[in-house]
């Protein structure tokens, strides 16, 4: 499928139009990996490795037309996650038009961009946003692709309000997998989780690894900075690294719920797994002038190499 009919080169990235006329940004690494980010929602909609394999799931029934959020990729959930609040599901950031931030302030994060192609995006509240959530903010997102094809997202929320405000945040990451019954997650053993299928009741994970044989919708709290998602059939492992985001949300709708979602195929639950770096159990509170930073880095490696990454979690 063609990405669009119009394109504009910028340093490190290319701006194109998608089939709805919405702006998308394409980033490519020298070795052939690529990322596409839609300005509708500031949403990563594609991440391909240097062999051209798509690593993120997008439903074949996804609706790509604003104001609907696209079912797949990496939607940004802000300032609310799920239905835990008065706003629309997962907040409004994923349904708004973001802008390319030509003058993004430098990151005080030790993030070395020398070997990365990146784009900076910006979202500020509209008058309508302020009516339903009366807080002035700046939400910045840097999407970067390393020479090795690793994808990183760094978000910054600044309070430009005269009073404190609180928010939740999540990178709602749809990973593409071969068969959900052949997938397991390592790194969340013995953690407490809130079970959204049981009124957010708190349980403790008992398994050596998380495997899937029914619907799962959990918030693992106080999670480590690195976890692994192993896909046995593809012999591929996703390494998920995060900072500033204490929780991991794990979601798969399974068969029954899939059939109730208009923008999701009945059997597509077999090919996807959401593993979200998030701050949802406890809201983040910013005083006037304060800024919060949350980072996600995704790597896809052959499964035989994944233990090295789990043994060295501090490589963000």
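In case you wondered, yes, glycine gets a Cβ from its N, Cα and C as well.
The following features are taken from TrEMBL:
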- 71, 89, 94: substrate binding site (BINDING)
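The 10 Å shell around the Cβ of residue 94 (substrate binding site) contains 24 further Cβ atoms across the protein chains shown.
Over all protein chains present, the Cβ of residue 71 (substrate binding site) has 22 other Cβ atoms lying within 10 Å.
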